[in-house]
Structures are given as C-alpha cells and as structure tokens.
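Pulled from TrEMBL, these are the features on record:
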type: DOMAIN; residues: 1-239; note: domain 'Tetrapyrrole methylase'
type: BINDING; residues: LEU9, ASP84, GLY87, SER112, ILE113, LEU163, VAL225, HIS250; note: S-adenosyl-L-methionine binding site
Amino acid sequence: MLYMIGLGLGDAKDITVKGLEVLRRCSRVYLEAYTSVLTVGKEVLEEFYGRKLILADREEVEQEANNILKDADISDVAFLVVGDPFGATTHSDLILRATKLGIPYRVIHNASIMNAVGCCGLQLYRFGETVSVVFWTDTWRPESFFDKVKKNRQNGMHTLCLLDIKVKEQSLENLLKGRKIYEPPRYMSVNQAAQQLLEIVQNQRIRGEEPAVTEETLCVGLARVGAEDQKIAAGTLQQMCTVDLGGPLHSLIITGGSLHPLEMEMLSLFSIPESSSESQSIDGL
C-alpha cells in the first residue's frame, strides 16, 4: 500500500493520530521537500515520529517516482506531504502511477493553507480561483495570473496567492553544464509579492488598461499559518510592501471588494497601524 499522509502546517505534532500510526509501521517513509516546508527540520520530525525519513525532492518525485513506489505492492510505503496530500498536482501524478502499477493507495488528509487561510476572518466560500506568484527574473516576468485576480474581483471573490518557493534549484549555467550545484533556498515574502503586483498594476496603466487592483486595494498578509508565531496583517497593497511578517512561509490574499460585516470586524483585529496620512484604515476601505 502507498500511504499519502498530510502533515498539517505547523510542526511535528500537527500530524494526525491516524497518520502517525500508519507511518510508524511503514517499511519506508519519504518526506516531500519542495512544495512547502514545516517550521521544524527533518531531524525534529524523525525524533517525534520515531522513524528515519528519506527526503524526496522535485526531481525524484517527478522523474523517478518508480523508486518511491518500488515494492509498495508487497510492503507499506509512506509519502509525507506538508499540508494536505492534494495541495500540489505532483501528488496526484504519484497516485496515478501507483494505480497503473496495480499498487493500492490510501490518503490521510490534514489541514492545508487552502482552508487554514480562514484564520484571518475572510469566509472560505467567498474565495475564487487560487493563483501562484513566482519570482521574477531579468528575462521572465509573467503577468498572466493577474487575469484570474481580475475575474475573481469582478465576481466579488477573494484571491489566495500562493507565493513562490525555490528549493534545490540550479542556476541556468549549472543546469546547462550538468553540474549538481544548487542555489540556496528562497521563499517569497508578502513584501516581494506586493511589489511585483504593484508593478503589474503600473504596467497595465501604461498600456491604457484599467487595473482590477490598485495601491489601495485591501489585502491580507499571512505568515507561518498554523505555527505558534503565526502572523496576520491586513492593509492596503501598498502597505504590504513594507509590513514585517518575519520568516517564511508567507501567503497573500487580495480581497474581492465588498466585505461581509463579520469579515470587516475580523480583519480589524489585524489592521496595520497607519504610518502616514495617505494610508487608510480598514474601516475606510
């Protein structure tokens, strides 16, 4: 059996009792280590789980999945995913591969950022399509996801922006030369995402388009959701460029315009203090 086990969002103790019982009896236990991270390292997980973990990076999961599935038809293999197992399409692919090989599977769910964002007070059923915001480079500055943000706002829906994670990435030079040299991990912050969004807004204005989002659009920044030092800040997109939410992982929500009174009241708990006369309070948005 292949077991896909969600670990939740915080630390080692966020795994479910069912998930912990299962992984402790598996012959091999893999830890997916590139779509998200916990607030604790592999060694802490190993100590709490009582098992050695095999790190599975993007290359192994996407290109050498057969290594993970080896002997899973005659023994139990666990694949651990931060959040919920279906938070990334890669994990669906692993299940499809297992099914084609005649290997049964079982999924043990857990909390993910997709539902945990409700901690800020915005109502989950008022969210539209989720988007990913990637790190820009000198030659690649995609804006296409912004169409989904626009559509969500036109429908009065909030947009959850999942921010880029770069783990075990190679530079173009090392990739072309086949050198297994990897760049240091990078995690996009709310500040970086907001700055890129504002640049897209400016680009749309230059092109004569009416941007669906402006500097004064109400947004919510979240950091380390599910951890004891979780942080939430609500304010304008402009304010998101400078708010200090600390270390990773960060997420950003672009609100859908008109808010329910309960949403407004909840967001007021996380309002960024006004730092200038140009800033608006949440009550004024």
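Glycine is no exception: its Cβ is also placed from the backbone N, Cα and C atoms.
Predicted automatically and left uncurated, TrEMBL annotations should be read as such.
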Recorded S-adenosyl-L-methionine site residues LEU9, ASP84, GLY87, SER112, ILE113, LEU163, VAL225, HIS250, farthest C-alpha pair in Å: 17
Chain-internal residues, separated by at least six, CB under 8 A from HIS250 (S-adenosyl-L-methionine binding site): LEU163, TYR187, MET188, SER189, VAL190, ALA193, GLY221, LEU222, ALA223
Other C-beta atoms that fall within 10 angstroms of the C-beta of VAL225 (S-adenosyl-L-methionine binding site): 22
Nonlocal neighbours by CB distance (under 8 Å) for GLY87 (S-adenosyl-L-methionine binding site), same chain, sequence gap 6 or more: THR35, SER36, VAL81, SER112, ILE113, MET114
Fewest-neighbour residue among binding-site residues, criterion Cβ within 10 Å, set LEU9, ILE113: ILE113
Arithmetic mean of per-residue pLDDT over the domain 'Tetrapyrrole methylase' (1-239): 90
